[in-house]
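A.B. asks: The feature coiled coil is assigned by TrEMBL to 840-876. TrEMBL lists 267-285, 320-340, 374-393, 428-447, 480-499, 507-526, 564-582, 674-703, 713-731, 787-808 with the feature domain 'NF-X1-type'. The feature region 'Disordered' is assigned by TrEMBL to 1-114. What TrEMBL records for 899-919 is transmembrane segment.
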Amino acid sequence: MANRNRNKVAPKEQNAWNVPVQSKSEPVGGKSRKPSTGNSSKVATVAATEPSVSGSKIPLPSSMLKKSQEKFNQVQRQHAETAKKYAAEYVSSEEEEDEKEANGEEAPSNDAATRNILGDVLKNYNGVDADVGKTQEYLQNLLESRNAVCLICIETVKRADRIWSCTACYTFFHLMCIQRWANDSMSMKRINHEQQEGYYNNRGEYIPKPALNVHWDCPKCRREYQPEEIPRHYECFCGKEREPNAHPWLIPHSCGEPCEKKLNPACGHTCRLLCHPGPCPPCPQTVNVSCRCGSSPVKTIRCAQKAWTCTRKCKRKLACGIHECGAQCHDADQCPPCQNRSKQACFCGAQTKEVNCHESRWQCDTVCNKPFPCGLHHCERVCHAGPCGPCPLGLPRSCPCGKSETRAASCSERIVTCGDTCEKLLACGQHLCPERCHQGSCGNCLELVPKVCRCGSTKKPIVCHREAVCEGRCKRMRTCGKHQCNRKCCDGQCQPCDRVCGKTLPCGKHKCSSLCHQGPCYPCNQKSSIKCRCGGTVVEVACGRERKANAPKCKLPCRVASKCHHPNTHACHIGDCPPCALPCGEANDTTNCEHPCRAKCHDAVRVVTRDKNFKPVGPWDVPKETVEVKMLPHPPCTVKVPVMCLGGHETADWPCSSSKPSSCGRPCGRLLKCGVHRCPLPCHKVTHRASTTQDSRCEPCSTGCTLTRPEGCVHTCTARCHKPPCDPCLVSIKTQCYCGLTQVFYKCHEFYPTGMEEKGTEELAELNRRRESFLSCGQKCIKNFPCGHRCTSTCHPGRCPNPEQCSKKVKVSCKCGQRKVEVSCKVARSTPTLDCDQQCEVIRAQKQEEQERKEREAREQEELQNQRELEEYERKFNKRKHRERKRHQVQEEEKGRHWAVYVAPVVAVLIGVGLYFLFVQ
């Protein structure tokens, strides 16, 4: 895919000469077409690779051609969809750079994107720029694809690759590569451990094989990792997200979230950068701390620099107890030794020299040689402090072997040997000295004892103080697993192999310089230099990557000869020079104006053409394309010059090539002779452009009066087009009055006079009163007040005025209805009822008695009716003899009760009348 992008022709520039340029199609079969440039004619012909069928000229039926074309289109669509899907899933930073370089794009855009990404990552860091410099340099190297190389496979680490980074040196490796590296390293160590065996030493002790210690190392920094630390998942740098997606505006292999790792040294804060590779910068937080000695006041400082020193001198006493420290601010327990110098004598006083104060008591190399109290012997100890003590020869002494002890008469008397066997334990720890008592130390043990050699293969008698060594060579393999130990009489502890490995490293140039080892060799740590095209920029890459790595981005100017009349202004690059982007600057001979050509340089423009007369045999047949590098003529001048329209309405900037007066499309707008209307024609040619009155070419006015009528007037002016104002409107308007019973007439100009907008508040109020008088019939209003009485005002608009002042007479009574009085309506609303008097109370008592009497008579009538019904029932259904006597009694009772019914009301009325007159009097 990368090769295909490199072989593609650069995209065609938009040109201003309308040259027919046809799009270039992809050749069938996936083969690219390489252009060949001729120096003399600047013409390059690109011939598409044609299949063998294209050479056949046998005509095919139209139906077959149609089916072939449809099938070809279908397959082409499928290939396009597959390519889009693959391109969406796989993004390579190296291929992107190759494509940009092939298209002639400049590098500053990538640099700007790099700066934007770095700015986003470092935006939350508020520390010193020098502290974040190392992290920023690491990030900048990461964003350039050539620096991200896996040291195991010597391949580029791309944006879409799954990686793992070392926690010590922060080097990237492909996840599969580091997993294979770790597994292979541990497998070799396990195999080597299985091949080892225990053995017996020359003392007969069994020495087991060493314990298995399996670990794997970082290929670069050799940091040891345990087996459980083998990476199993692809994680971002901060470890928060698994399988992070590749984002074009984030650092590759990061999640874009805050890092939040614990800072080192541990201060309790976390990293505030976005997820990033490499080490975290020093802590930028601010803390309030005092200086190291604690004598200065607390100040705010960066957490990474919280151990600060002031300018004061330490006043503590040193260990000598005489001098003060005098050093600059430091911790309390870190005062340096006293550096004051003075002449001091040694312990014995024999010598004097200038020493540091903390070294005032020193020892020389001279023997004391002071006489003991005996006066005969001298002290043989080296320079010491204090008295020499008594003479050691005056103490109880023994012979040299220590078997006989005696006390000499004086220290001058010499103790002789006892003549017995010495029998001191020799240095071997097993045998005794066989010599006679003697002065000095005993010699080596000369006893012959059978000894086993170190390898345990030979046993022979040998002098005790010597070690038994045979001449046999060790045949065991060393830790490398390739070379034998070959040491004489080896005790089983074979030394590591001291030979150089010498294997050729993956770079193919250097050999492994480590000691002979098992497993794969560590990657080559050498660097190779690659240069740009001009040789002015050199960068170092991992050894073995110089063939695959891209050339460095050089910022020096290009040294290739320019194809146009401009010097090259672009930077050094690989491949053909990009098209010149500078303006032409030469005199424009196409327009023949005084302006220089401002179009893009067109001295060397690539033009792709196709044969128009080409007739394909089938859909696989592709026409030949011809790429020509031509010098195109100057395009029409596009310099903006001011041009006034035909009617003089506006001055617009037009290209110089088309700078001719034309109509701007606006209405002419010149005031006609009527003084009201303006010329409605679109912008046209006139005699004097600065004139604002009617021209001979303007259309004369042919309309009636179109002046705005007063607000409310809907009648048009009947006069011809004239200047304002119009005559008063004399149309009579008929409408109903406010009460709706009578029709009123008024003139339009009286109701809607002119100039209402300019009138004041008083004039408008007067106009409103006059309008009300026009619409009022002058008769009494037919509307009713809320109380129900008719309005007393004349015909008026809106609600009736003063409804609360209604003076109509209404009757007001008490609650019982006996007392009634006529009052006005407004008084009746305030006092709707009257209070009852004594007469009302008497009448109420009479009504109560009358009601009780009626209830009592009703009960008596009901009892009488019930009695009659009972007698009637007994008469019809009972066979007994009627009781004549009881019937007579009932009739007598009925006669007596009948009299009482008529007398009781008369008596009650008389009593009430008497009481009324009594109360009245």
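Placement of Cβ uses the backbone N, Cα and C atoms for every residue, glycine included.
Unlike curated entries, TrEMBL annotations are predicted automatically.
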A.B. asks: Could you give the mean pLDDT over the domain 'NF-X1-type' (507-526), rounded to a whole number?
C.D. replies: 84
A.B. asks: Give the nonlocal contacts of the domain 'NF-X1-type' (480-499) in its own chain as ranges (CB under 8 Å, at least six residues past its ends).
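C.D. replies: That would be 192, 195, 199, 201-202, 207, 453-455, 457, 469-474, 515-518.
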A.B. asks: Near the domain 'NF-X1-type' (507-526), which residues from the same chain, at least 6 beyond its ends, have a CB less than 8 A from one of its CBs?
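C.D. replies: Contacts of the domain 'NF-X1-type' (507-526) (Cβ under 8 Å, skipping residues fewer than 6 from its ends): 151-152, 154, 181, 184-185, 188-189, 192, 219-220, 222, 478-483, 496-501, 542-544.
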A.B. asks: Give me the stretch from 320-340, 374-393, 713-731 with the greatest number of Cβ pairs under 8 Å to the domain 'NF-X1-type' (674-703).
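C.D. replies: So the stretch in question is 713-731.
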A.B. asks: I need to check the long-range neighbours of the domain 'NF-X1-type' (713-731): which residues 6 or more away from its ends have a CB within less than 8 Å of a CB in the stretch?
C.D. replies: 674-677, 701, 703-707, 747-749, 752-754
A.B. asks: Where else in the chain does the domain 'NF-X1-type' (320-340) make close Cβ contacts, counting only residues six or more beyond its ends and a cut-off under 8 Å?
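C.D. replies: Long-range Cβ neighbours of the domain 'NF-X1-type' (320-340): 291-296, 309-314, 356-358, 360.
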A.B. asks: By DSSP assignment, list the helix, strand and coil residue numbers for the domain 'NF-X1-type' (267-285), in that order.
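C.D. replies: Summed by class, the stretch gives 0 helix, 2 strand, 17 coil.
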